[in-house]
Amino acid sequence: METAKGTSDSFDSFSSLGTYWRALLHTPHRVWQRGCAVSTVTDQMTEVKARSGAEMDRKLQWWDVIALGVGGMVGAGIFVSTGTAARDHAGPAVVISYLVAGISALLSAVCYTEFAVEMPVAGGAFSYLQITFGEFPAYITGANLVMEYLLSNAAVARSLTSYAASAFGVLEANAWRVEIKNFVAPPGFTHLDFLAVAVVVVLTVCLCFSTKKSSTFNLVMTVLHIAFVLFIIVAGFVKGDPKNLTTAGAAAAAAAPVDDATSRSGFAPFGIRGVFSGAAIVYFSYIGYDAVSTTAEEVKNPAKNMPLGVSGSVIIVTILYCLIALALCMLQPYDMIDSGAPFSTAFRQIAGWEWASNCIGAGASLGILTSLLVAMLGQARYLCVLGRAHVVPYWFATVNSFTNTPVNATIFLGICTALICFFTDLQVLLSLISIGTLFVFYMVANALIYRRHVVVGKTSPLPTLAYLTALTTLAACFVIVWQSMDSTSTVATTTTTSVNNNSYSSCSGSAALLLVCCASLSIFITGVFWWKVPSVHKGKEWTVPCMPWIAAASIYLNVFLLGSVDTDSYIRFAIWTALAVVFYFVYGVHSTHDAEMRALNLEDLEEDHQVTTCKSTAGYCSSLISLVVEFNSATEDHVTVNMMDSKLPTSGNSSTAQSLDINPPAATCGTSCFEPQLINPNNIPAVTAEYIAIPASRR
């Protein structure tokens, strides 16, 4: 049985090989203790936040948040995914696909926003899950997010070189890369990309220097990028033909059977299933707003600015996406769209507008810069908060006192991104990017419902967990049936016999009935849950309306989109998750255990030495403990004690501050809360200190 008291080994599992080996023997017990350990909003806002030392500056306004959201979402993806979705899945109805995907993104965004308003810290989804489902689920989510960001950022940086070259009329993808000829390298690792590395390095320096200045740079680049997007929209409306929205091109007419020559014409030639399949593809163009939630710790008045910024950016991007998709389908019949370079090809078909294809490359390059900036900003803050939670080395949690940014995490991830994009081919990276972000959206929606209806120690979590499990199961069944309809449809289109057609009609009817049953049951159990299980927690400043319906719809849509992800992505997700679990077992759980033991040791000090008399000459009272230690002249170390939730003055009475040996941020403290360092009484080489303030959360 492990205890909080004893030797220093109780507080450092990594002090020696012997100590670490003994810690490993306690791994099952520690995982059982720590895996579902739930944090609190108060802890996240005070104790955990204070572990970074300096605070991040709150300088961002709602327009900064909107610019970061728009810049993070409107990248190069729209210039590729629109063509694939229109040609192969939805036809001109890709406009509706973007609308459906935008609604799904908005549902997830508002779930994020409630957490960001109630708990405006840099942890994003990791912190939200830590206060609901506990440490291990939050860690797995955070680890997958960091890896997803790392690989996707490398892929985006790599694609910048190709788009920048196309802006100058160079269409060869590797023209601006250096090929390795004298070294043996596997395929996909033979072209070095110096431009991508340079861009990553420059953005890393910007993010280290100042979040506000980086936001200003992003705002300028986003405005320029949106100008290019608006140019495409206007040009498409002016030079396009509305008939292309309902009429297929010559290729479709020639390919269609004689008795079915018009089957592929119309606004939605692939039907409602094609619209939703297209939505699953274009949804990835919306990914990026989640990174904005990590800036909540740097936003002024988050209760007002976060809902405006996050939701506003998703709405603006949805409108832009629908308009640009409509412009593309007006420029060319959907079946003649080039899925690889849809906009460039469309403008080359217009006499005298060949030059516009170069503008596409320039606009895409600007989009890459903004989306890469926002994603690199988000990934550093995720890693910073993982460090605060001690599941990764604490070094990553440090916030620089001069720049007020997480410099260590930013530089580390910047170096990793630069190394990966330097030699790894874009196709290799794209094959590794997986379902991490969609999985996080799904988890955050579940966490919001759980938090609204469960208070630990007061309400039973079983009804809520049963509802969430049933809803996910029904959503998964819906996806399986939907995918089977796609497979059946594919088989039917390759045959012409009446027997096969009748079989397809029968299967299609049964599948449609199952879809209706799954959807109806989902609505029914959500209604029962809403009626029978009361809400026990609600934010004070801003909350998601129409709960649990909004979060339930988000869960359903995210499960549907997860069903569209290919098998290779699930394999990558499983492999990386397994590696993350191993790291948690060999490091994370022991590091968090040590932090908990140090905290419990402080509580023991409080119980042993608590006094309640007023000791302040300024007339303020606080719960104090008395602790006398000897000065160590050899090391001249000092106990630095920051006050948290204490009424002792931090300025105005210098003698009090000196007697307490306080290290106060006198100019910025005000009513803010600061955490005292965790002290092991067996190892305190320090000056004599009469009193140490005990935080309210420990009392």
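Glycine is no exception: its Cβ is also placed from the backbone N, Cα and C atoms.
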Exercise for review: Name the residue range among 62-81, 142-161 that TrEMBL annotates as transmembrane segment.
Suggested key: 62-81
Review point. Residues sitting near the transmembrane segment (62-81): Cβ under 8 Å, six or more positions beyond its termini, same chain?
Key: 156, 159, 163, 212, 215, 218-219, 221-222, 225-226, 229, 281-282, 284-289, 291-292, 295, 299, 304-306, 308-310, 312-314, 316-317, 320-321, 324, 339-343, 360, 363-364, 367-368, 370-375, 377-378
Check your understanding: Which one, 192-210, 310-335, 465-485, 511-530, 542-563, has the most C-beta pairs under 8 Å toward the transmembrane segment (270-289)?
Key -> 310-335
Review point. Of the stretches 192-210, 310-335, 355-375, 465-485, 511-530, which racks up the most C-beta pairs under 8 Å with the transmembrane segment (542-563)?
Key: 465-485
Practice item. Could you give the residue numbers and ranges of same-chain residues that sit at least 6 residues beyond the transmembrane segment (93-115) on either side and whose C-beta is under 8 angstroms from one of its C-beta atoms? Key: 82, 85-86, 124-125, 127-128, 267-270, 274-276, 278-283, 285-286, 289-290, 293, 306-307, 310-311, 314-315, 317-318, 321-322, 325-326, 329, 334, 441, 444-445, 447-448, 539, 542-544, 550-551, 553-554, 557-558, 561
Check your understanding: Thinking of Cβ pairs under 8 Å, which stretch from 217-238, 310-335, 465-485 has the most of them with the transmembrane segment (355-375)?
Key -> 217-238
Practice item. With DSSP as the reference, give the number of residues of the domain 'Cationic amino acid transporter C-terminal' (542-591) in helix, strand and coil. Key: 39 helix, 0 strand, 11 coil
Revision key, fill the gap. In the domain 'Cationic amino acid transporter C-terminal' (542-591), averaged pLDDT is 87
Review point. Short question: which residues 6 or more past the ends of the transmembrane segment (310-335) have a Cβ under 8 Å from it?
Key: 62, 65-70, 72-74, 78, 82-83, 86-87, 91-92, 94-95, 97-99, 102-103, 105-106, 109-110, 112-113, 116, 226, 229, 232-233, 235-237, 239-242, 244-245, 247-249, 251-252, 264, 269, 282, 285-286, 289, 292-293, 342-343, 345-347, 349-350
